[in-house]
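Q: One structure coming up, written as structure tokens, with questions to follow.
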Amino acid sequence: MALRSPQYIFGDFSPDEFNQFFVTPRASVELPPYGGTVLCGAQAADDLPDGHDYQRIEFGVNEVIEPSDTLPRTPNYSISSTLNPQAPEFILSCTTSKKLPDDIDKEVNYSSANCQYPGPALALDGGSPAEAEALENDGVSGGLGQRERKKKKKRPPGYYSYLKDGGEGGPSAEALVNGHAGPAVSNSVGAEDTDLMGDVPTAGTPRTWGSPQDATDFVSDAGPAGAFPGALDGGARTAGQLEGCPGADSEASCLPAEAGRDTLLRTAVAQPSVGTDTTENLGVTNGQILESLGEGTAANGVELHTVESSDSDPAKAESAPPPADAPASAAGTVPASQPAKSWASLFHDSKPSSSSLPVVSVETKYSPPATSPLVSEKQAEVKEGLVPVSEDPVAIKIAELLENVTLIHKPVSLQPRGLINKGNWCYINATLQALVACPPMYHLMKLIPLYSKVQRPCTSTPMIDSFVRLMNEFTNMPVPPKPRQALGDKIVRDIRPGAAFEPTYIYRLLTVIKSSLSEKGRQEDAEEYLGFILNGLHEEMLNLKKLLSPNNDKLTISNGPKSHSVNEDEQEEPGEGSEDEWEQVGPRNKTSVTRQADFVQTPITGIFGGHIRSVVYQQSSKESATLQPFFTLQLDIQSDKIRTVQDALESLVARESVQGYTTKTRQEVEISRRVTLEKLPPVLVLHLKRFVYEKTGGCQKLIKNIEYPVDLEISKELLSPGVKNKNFKCHRTYRLFAVVYHHGSSATGGHYTTDVFQIGLNGWLRIDDQTVKVVSQQQVVRPAAERTAYLLYYRRVDLL
């Protein structure tokens, strides 16, 4: 007895018929009883998901691939074994049965990314499930039903329903998927259907014949493999398959077709879940990120603009309006007057024609993002917010506070924080870390209230405001853990630095106050920046003092000379002579005259301000002395004899001869000059002058090791004669608390880092921009080839 097995008979087709009906990668012929979709074409098996094996039959070849009996039969696949491409309903433009809106939820419509052809709907699986089940049972059993069916002309499921129910007014189809047409849907979709609109994954879908291979033509290849969890979950499905939405993990809902909407964009590129807080990424095309525009259209001429925000709200993205240059018909319905196309014409070329819906190829013209106006706007806000102290209502409060302030030198244990350097700001970051480690500077800024933009929209003290904000970035450090014993006798201390931040408000001060440091091409110098800070804070505090004493002439910001004589009988008229020229004392044997520049005290001068006395000795004349203020003490280290900081200090006060000086009578005289320390500040900053300017205009760096102690004692010989016996040893002894290093051998480049003493750790920290690590005291004072000490910060020990 012959074994009754399913037989599949295919007719002889001419080459033209074969090319029309069977040459397409997206066409699928589903054969019973195996239920596996047979994909045709060279690209069919390339993009299948893992774990799925599909039977492949190639037409027009001599060898027939025998099917495997182990292919499972699942009800998830609909069977269409009576496909006859020569049926008249597939060649002529027949209409489908009219669907009601209630049928939307029963069927799944897929908008093919490469088969968007308007025209009559072509439903290949319009038959009822009962009819399909009967056909499947007949095919399996091979009984009488199958023999009777062989005698009949093969008709597709639902063929007679076309003749019975087909009529005018049938909706036009949107697309064919795998050679099948989905149910037509009215253009008006309710709110419930809109909420159900989701994504149709295509990561594992075979590419259509003639579809663009490059990702720049379309974004279907942009996502990584496995990026779309719903891609081909259970293998290939026909358009008429009834299947629920993907699982909760993918959070994608079934997508009903809606003409004229952005369904193609959603089909080609799967969107992430709605619950994310980050920007929705659709894919990368030519290095740009195409962002989801929610309900935006994908019509012709609509561009996908790059959205730069990384914390955009998805709800805002859904409500974003379409671009202004989008045509009005983009979000409307499909034009009704479309040329009718035959079923066979769909397989000639999947590239859209000029008359087809312009949703296959989305124009992604790259528009470079505009320069972020964040910095410029903030900078403009600060400039516009600058007002005179007389127009600043908060200025009088700060002035009264600074007038009665008492400097606090008590050490404070702050949690260290690195400073992010996104530009060439290392010389600023290094200086800021040293100032934060200065206790009186920290306490002074913490005494001034921190005002918000709402509380103080206009300011007359931008530098004070910025440093008050900087000091408030640092908080008290938690109690440090006990030192733990490491290998050997070394003590290892742990440090927990806070999060690094970028002090952009400090950087903007360079342009707001129009400092010369902001000029392009200038050497970035940490000592010059320190002077810029201290002088700027000092001048703002002087302006605040004017509010309390508006008629006080001494508060003028001037370095003009003021004559002061020890012997009032010999006092000269004020304003006679100039501070810049040598003043010759009268021939009578009287006490020398000391000339002093106006230097009004502020809290900044109370911390960093000192005085040096410059005395000029002239033959046959008495001494002429001038008092000059300083914030940093300049130490010349160019001589080969200078190896330590003490050597540089002694060289500073050494008597030097001045050649070529002439009097008013054009007579050359021999003079000499000596500098001594008149007043020592609580915080002494020593500047090792490593950058030497040549006569040709160039600049070179002195790379030599200068030894500096942790405890520095200022010798009595360095002091002025009038203050030698007034300063006790405790007033002349300092302790190192910060070192600013310069790295590199070039005077016009390099890098800056800082070592600071941490009182809570009772040790040293090395801060390189945002990097913070613990170092030993020996590492701080030990010379190194890669770095040289540039600024030394000392505190008086009697104030510790």
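Glycine too: its Cβ is placed from the backbone N, Cα and C atoms.
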Q: What range among 276-305, 306-335, 336-365, 636-665 does Swiss-Prot record as region 'Disordered'?
A: 306-335
Q: Any idea which of the recorded positions Cys426, Ser549, His751 has the thinnest Cβ neighbourhood at 10 Å?
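A: Among the recorded positions Cys426, Ser549, His751, the sparsest Cβ neighbourhood within 10 Å belongs to Ser549.
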Q: List the Cα distance (Å, whole number) between Ser549 (phosphoserine) and His751 (active site, proton acceptor).
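A: With the alpha carbons as reference points, the distance is 44 Å.
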Q: If you average pLDDT over the region 'G3BP1-binding' (6-21), what do you get?
A: 66
Q: Where does Cys426 (active site, nucleophile) sit by DSSP, helix, strand or coil?
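A: DSSP call for Cys426 (active site, nucleophile): helix.
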